[in-house]
Amino acid sequence: MTLGSDDSLYPIAVLIDELRNEDPALRLNSVRRLRTIALALGEERTRRELIPFLNENSDDEDEILLAMAAELGGFVSLVGGPEHAQVLLLPLETLATVDETVVRDRAAESLIAVASAMPVPALVEFFVPALQRLAGKEWTARVSATRLFTPTYARCPPEHRPDLLRAFLALTKDETPMVRRAAAQALGDFAQVVEPEPLSAELLPAFLQLTRDDQDSVRLIAVEACGPLAKVLPREAVYEHVLPVLQHFALDKSWRVRYNVAQQLPALAEVLGGEATRAELLPAFVRLLRDGEAEARAAAAARVATVARLLPAQEVLDQLLPPVKELAGDGNQYVRAALASVVLELAPVAATIEHLLPVFLSLLKDEWAEARLNIIGKLDQVNQVIGVDLLAQSLLPAIKELAEDRNWRVRLAIISHIPLLAGQLGADFFEQKLGQQCMRWLQDTVFSVREAATNNLRSLAQEFGADWAREHVLALAGHQNYLYRITVLAAVSSLAAVVPRDTLCNAMLPTVVERAKDRVPNVRFNAAQLLERLAGLVDPPVVDQVIKPVLAELAADRDADVRFFATHALAACDDLAAMA
């Protein structure tokens, strides 16, 4: 590959030379800029020279091959569009056969991207043969091929589909366990695009055979197809063939198999309905909630609400609630966190909160932050489930405790739900219980918490009115810590657009003007920035008589940053005046 004598193309020539360089770092840099090279070469030379060159140099280090596979997936427009996309298949087909898994996976993703851009005739003429070649090569190529059947089958004309189905079925019976494992992994998605008749007659038997495979790793993955198959098979076929598989594997000696069963069981339950779930799946699910391995318990706990919705309230109370209460005190933190993310969803199903409230409060005070955060993330459901009276009696003490949690992420999460609680509790009760806490958040040692608290004030001002906001915010204006004085300015900025203009001009603007004379430069330039914002919210006389004189003084400040922001704000004020 060579370029003309144009000096502007010299950097491109360097990149092309680096593709052949002995230094892997230079080759990697050049591969990552293949788009630049292709744009310089043009579509025809990219097809005729660059793509064949890349195919010939596909025996390289894994990191370089990975970058090449990623780049080629976005090359369709660079080779002339969909009508020329087939030129990309050969290098990607080569990359899909290498030993390194991440390279093969990335090549398969790029092949799917290229196939999705190809017209159907080109797909049949070029991509289907490429897929069949991969399915007949060494085991690494066959593993890559399993991922390509679903998008190809979905777009192929009906007359070509039987051949594709036979090729996929052959991979489910491959002599190499890794290939069978990959086929089992792809089977669930493939089932979504196969027609009902071949699905029941050919793909279902292949699935059942995989579930009886002599390799644990194959059976483990085959279980994952239970849910997808249940969605597309007739209910009778699910009951007769898929349900026994799940029931059998729920007792498997491998915890990884039981973990996958816990993940697939809700999908099966939704297909079979409440009665079949109660009779056939509930015993297995309760065993999983009490499984000896924490991973299996966590997977089941995360899906307890989904299963509960299919059951009568009494069954939930009698069968599911006892293990749920046990899980709230589970010795494994991940199990408690998984339960915390769904426990509130059980209340409407069980038609009662009394039994769940101790579980809820226990998780809200859990020693592990993730469990507390998961519960906090569901606080928007509290009013629907608990009601205001019970909220005030039982939940508020726990929330007040979390508001001062040692983990700043917990404090941050609580803040986001404060406006919701404020609306539920009412102004007087909220002020009594949580008003002062909102102010303490403005003085938090972590900036992200202070920032969230200032943003929070805007919602609270809309809920409780401008007077509430003014009284609470301006009290910190003279705090000895300059960070808190900056926080007051941020709070004023957040509130400026929602408070009445007289409150802004008579109460908040004087505070900003006072901070413009602060002894700390950081406070002064924050005040200058805020004054620029306020200039667009107040009347022109206020800008001329109050804001611009302060900014003019700051424009002569001894600190360079203060001068910069003040000068910028003055220019913005002049622009506003010119537009008036």
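The backbone N, Cα and C atoms fix where each Cβ goes, and this holds for glycine too.
Annotation source TrEMBL lists repeat 'HEAT' at 11-49, 164-202, 203-241, 242-280, 281-319, 356-394, 395-433, 508-545, 547-580.
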I need to check the long-range neighbours of the repeat 'HEAT' (11-49): which residues 6 or more away from its ends have a CB within less than 8 Å of a CB in the stretch? 1-3, 57, 60-61, 63-64, 67-68, 71-72, 74-75, 78-80, 84, 87
Grouping DSSP H, G, I as helix and E, B as strand, the residues of the repeat 'HEAT' (281-319) number 29 helix, 0 strand, 10 coil
So which residues does the repeat 'HEAT' (164-202) touch in its own chain, when a touch means Cβ under 8 Å and the partner is 6 or more beyond its ends? 128, 131-132, 135, 139, 142-143, 145-147, 149-150, 152-154, 156, 209-210, 213, 215, 217-218, 221-222, 224-225, 227-229, 231-234, 237
Checking distant contacts: for the repeat 'HEAT' (281-319), what same-chain residues at least six beyond its ends satisfy Cβ-Cβ under 8 A? 243, 246-247, 250-251, 255-256, 258-259, 261-263, 265-266, 268-270, 272-274, 326-327, 330-332, 334-335, 337-339, 341-343, 345-346, 349-352, 355
For the repeat 'HEAT' (547-580), the number of residues DSSP places in helix, strand and coil: 28 helix, 0 strand, 6 coil
What else in the chain is close to the repeat 'HEAT' (203-241), if you only count residues 6 or more beyond its ends and a Cβ gap under 8 Å? 165, 169, 172-173, 177, 180-181, 183-185, 187-192, 194, 196, 249, 252, 254, 256-257, 260-261, 263-264, 266-268, 270-272, 276
Using DSSP, tally how many residues of the repeat 'HEAT' (164-202) sit in helix, strand and coil. 31 helix, 0 strand, 8 coil
Under DSSP, the repeat 'HEAT' (203-241) has how many residues in helix, strand and coil? 33 helix, 0 strand, 6 coil
Looking only at the repeat 'HEAT' (242-280), how are its residues distributed among DSSP helix, strand and coil? 33 helix, 0 strand, 6 coil
